[in-house]
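Asks: Sharing a structure below in structure tokens format, with a few things to ask.
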Amino acid sequence: MKISVIGGGSWGTTLAQVLTDNGHETLIYDVNPEAVKKINNNIHPFFDNKITGIRATLDLKESIDYADYILLAVPTKFMRDSLRDINKLATRKLYFINVSKGIEPVTLKRVSEIVTDEITPELLGAYAVLTGPSHAEEVIERKLTVLTAASDVEWFRKSVQQLFSNQSYLRVYTSDDLIGCEVGGAIKNAIAIVSGMMTGYGLGENARAALITRGILEIVRVVVHYGGKKETAFGLTGIGDLIVTASSYNSRNFNAGLKIGQGTPVEQVLSESKMVVEGVRAIQAAKDLCVQTGIELPIIEITYEVIFNNMSVKEAIQNLLTRELKEEVIA
């Protein structure tokens, strides 16, 4: 099968290598000439790893015409514009596999909804999300990883499962809860930033364990609000993804929070990051959700004040600790 990857970043290039390992043909489209050059010279653009069997192009139309399936690996802030460009050039049905995690601020739309907005109905064949606890740094080293492919279309999620699964390092489960899987993957990035902030500020493992536990409850609230299944938040795409993202120095969101907690200005942290910190947009979107619906997300709401309104980490922690004492309610 032929797969075009839109976005030659760390994750897109790594998944292209997985597909090549599994015997498929892959073509990466990217707007960065240097990234395209590296890929065509068998060099991963972000890691010190050799890649094989992957071709890259600067020509979007070439990548669209080439593909049986299109893998969306661009940051969610660029997703709508990228889809508009794809829609203008497409001449046949498109089958999308999204691997980006985010919710659009203001509109509060998931990536699947943005796809529906921007792709002409006659051209939209099917959509799936591939998500779960995964660092590209480990997958490119072919270390054991387990993901979930979710879609409303049964044959398509099973096709994605077969596409990425192998017997050496990657296993994929399927889910019919597209909403729950998309939302869990987006909101966990916000909690990961908070985890990094607390670690950078000097708090210990006790605090991190509490944060992850309370954070998963905020993920559950958002999943249920969107119409997803509560149970999904306790699987790979929710708590699984949260654990790996909120406790690892390989996580760009955790590392961004870590630097903020250590006192580095937010603007400097974001400008110096080589990769997009998706958790910042997730925090913004979640705050918009709180304002528009009244849903209660205390951890994310107080983190919004740190990121966007210059509240100190010390004050944020104090605000959380001085909230009204309550009985623990699970979900």
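The count begins at 1 with the first shown residue.
Placed from the backbone N, Cα and C atoms, the Cβ positions cover glycine too.
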Asks: Which one of K50, K61, K188 goes with K101, G132, S134, D241, S251, R252, N253 at the sn-glycerol 3-phosphate site, as Swiss-Prot has it?
Replies: K188
Asks: A67, A136, A316: which one does Swiss-Prot list with S10, W11, K101, R252, V276, E278 for the NADPH site?
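Replies: My reading of Swiss-Prot gives A136 as the candidate in that site.
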Asks: Between the Cα atoms of N253 (sn-glycerol 3-phosphate binding site) and K101 (NADPH binding site), what distance do you get, rounded to the nearest Å?
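Replies: Here the two Cα atoms lie 12 Å apart.
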Asks: Grab the NADPH binding residues from the record (S10, W11, K101, A136, R252, V276, E278) and give me their largest CA-CA distance in Å.
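Replies: Site span for NADPH, by Cα atoms: 15 Å.
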Asks: Return the residue, from the listed recorded positions K101, K188, R252, with the maximum count of other C-beta atoms within 10 angstroms of its C-beta.
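Replies: Highest number of other Cβ atoms within 10 Å: K188.
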Asks: According to DSSP, collapsed to three classes, what secondary structure does D241 (sn-glycerol 3-phosphate binding site) have?
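Replies: Where D241 (sn-glycerol 3-phosphate binding site) sits, the three-state DSSP reduction gives helix.
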